[in-house]
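*Asks:* One structure, pasted below without further comment.
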Amino acid sequence: MNFDNLALTDKEIFNIIQLENNRQNNTIELIASENFASKSVMEAMGSQLTNKYAEGYPSKRYYGGCEEVDKIESLAIERLKKIFGCEHANVQPHSGSQANMAVYLSVLEPGDTIMGMNLSHGGHLTHGSPVNFSGRLFNFVAYGVNKETELINYDEVRSLALQHKPKMIVAGASAYSRVIDFKRLKQICDEVGAYFMVDMAHIAGLIAAGYHPSPVPYADFVTTTTHKTLRGPRGGAILCKEKYAKQVDKAIFPGIQGGPLMHVIAAKAVCFGEALKDDYKNYIEQVVKNAKVLEEELKKYDFKLVSGGTDNHLLLIDLTNKDITGKDAEKLLDSIGITVNKNTIPFETKSPFVTSGIRIGTPAVTTRGFKEEEMKEIAYLINYVIENRDSDLSEAKNKVKEICSRHILYK
């Protein structure tokens, strides 16, 4: 990327960006919600479009001079609808959290009952956590996974739905490694007369490429982020049935947002265009393959994987048999250049600031070009540093640098 002007006008920020670039280049990024956007996406993000206010929607703006940004937003909408085959799309949400909030506010009233996945079982803050707006504004009832299988307990979902009669049921997760049965959840929604919303933020790319069943035929509303498996800019989007289009659009603007970020919407359009290409499907195929190899290799080292493995891009590792907390494992791995995040596991006994697990994912390393061989090396390194945590780890640190040197980012 060209930072010639920034290097002259603000050396402090320029230098920190260079340090972050070095960090990304020289570490192995295994945080499941992160990825590396293309140069094209970043160029759109850094364009003159950042200068334009465009409150409203294409052809219905509250500002003049929107002819060109109208074309961009229309392209983003058109491409997103083509990817997922949905009836209506809104590309203005600044984040996945705001996309979720807009859906709730579009058809529900504060205090209404909603069902969502328990955060410690793999759900998300915006699916009813009491510290989040969702849990403060609405009466959330949590469902979770079966204690033995660690898979979503659909019988429990149905039982809770019949008991609490929610106005909406939310599916989707931030740390669930298995296929979600949208058809079954839709049947439960229909049985109790609830709206069905799916937050596909983590698995949107897999759905786009055909590596996870789509929620679009079943859900009234589908929300997503654009920066995880879709490899776009940080932002959100909403898909919905046409009959809810006006309510959703009003919930975003003027409901919870003002002017859309047109430079971000342009970058979203670029990433949607990338997701429509054949090589994107090849990328997602490799993401899934890499996750499966990591699963197999980690099992060889006696790591306990929540639910026994993965069907998607991420794995949740239960570290209780390794006598180390998620917090300590995260710090230890970070010391050699492997970035993961501590994560609660189902039926967690430790604080969310400590945790019994770590979450790892393959989208970012796959974007770099890592394949099966690197996954084997990564699994070896994870095991090595945890087993030898009190030893000198300089050899492992050098190995991480060597692996990274094979696949340079942003050449």
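The backbone N, Cα and C atoms fix where each Cβ goes, and this holds for glycine too.
Below, the features straight out of Swiss-Prot:
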- Leu119, Gly123, His124, Leu125, Ser351, Pro352, Phe353: (6S)-5,6,7,8-tetrahydrofolate binding site (BINDING)
- His227: site 'Plays an important role in substrate specificity' (SITE)
- Lys228: N6-(pyridoxal phosphate)lysine (MOD_RES)
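Give me the local environment of each listed feature.
*Replies:* In the three-state DSSP reading, Leu125 ((6S)-5,6,7,8-tetrahydrofolate binding site) counts as helix.
Annotation for His227 (site 'Plays an important role in substrate specificity'): same-chain Cβ neighbours under 8 Å, separated by at least 6 residues, are Glu34, Asn35, Ala37, Pro233, Arg234, Gly235.
Less than 8 angstroms from the CB of Lys228 (N6-(pyridoxal phosphate)lysine) sit Ala32, Ser33, Glu34, Asn35, Ala201, His202, Ala204, Gly205, Pro363, each of them six or more residues away in the same chain.
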*Asks:* When the number of other CB atoms within 10 A of each residue's CB is tallied over all shown chains, which of the binding-site residues Gly123, Pro352 has the maximum?
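*Replies:* Result for the most crowded candidate: Gly123.
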*Asks:* Quick one: of Leu119, Leu125, which of the binding-site residues has the smallest count of other CB atoms within 10 A?
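*Replies:* Comparing Cβ neighbour counts within 10 Å for the binding-site residues Leu119, Leu125 gives Leu125.
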